[in-house]
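Scroll down for the structure; my scribbles are underneath it.
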Amino acid sequence: MPGRSSSSSGSTGFISFSGIESALSSLKNFQSCISSGMETASSVAFDLVETQTEVSSEYSMDKAMVELAMMDRELSHYVKAVQSAISHVKEERPEKIPDLKLLVEKKFLALQNKNCDADFQNNAKFVQFKQQLKELKKQSAKPKEDGGHNEVDKIKDKDASRAGNERDGLQADREADGTEGVDEDMIVTQSQTNFICPITQVEMKKPVKNKVCGHTYEEEAIVRMIESKHRRKKKACCPKIGCSHTDVRMSDLIQDEALRRAIESHNKKKNRPSE
């Protein structure tokens, strides 16, 4: 049993770590629960910003995200400590069975002592939450700053003439990637360009953002494009005109919740019956 030394033979002999490894598996499952909790807290926080609920409620969700990120970090450290202790015993093969509990605690405390606020920058969900919360706040503040006028409509009236530029030169890539057949004659206003996938040239429903270059695409379209390129042993370039990123990978893509909500909000306003 972990935490107790052998008093009979005094020798390590054969040590089975199956019980410990089974417990580790359960801990990793709990990490997925923490991840789900962070997704729920993010969604609630975004809802609060969209409905302009009092700041204290939003702050509670932000605090919850910090606490969940801390739990995730602590659990990760404990898993690493246990794994490190097992590896140590397997590699060193000491004559006497060490006190595994003490060994794990020592390694765990060593990891915990290195904790700092910068650790949260390594938590992808926490970083994504902060970035998208900031975007949603900006979007929610714009109508007030502009006297009630929707920013989307203002841009639409100003820059409609620049709408078609991003469609030029895309046909060859679409044919190679299985996305041909797009109506090249469709008129896209500048206001909606941010909502338009550079691959399909239609409004996105499940936008994903490229962490490297910051551009967004329809999830299904960019995944299909990447897979098509990889099947031909090629790298997938960002389909956004003018982007220099030449190696888009699946791991670069994250859900753009802020943009998805902005698109839905715009469509609701657009479809709302006029009074």
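Heads up, residue numbers simply count up from 1 along the chain you see.
Heads up, the Cβ atoms here are built off N, Cα and C, so glycines get one too.
What TrEMBL annotates here:
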COMPBIAS  137-177  compositional bias 'Basic and acidic residues'
DOMAIN    182-268  domain 'SP-RING-type'
REGION    137-185  region 'Disordered'
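For the domain 'SP-RING-type' (182-268), the DSSP counts in helix, strand and coil order read 32 helix, 12 strand, 43 coil. Looking only at the domain 'SP-RING-type' (182-268), the predicted model's pLDDT averages out at 85.
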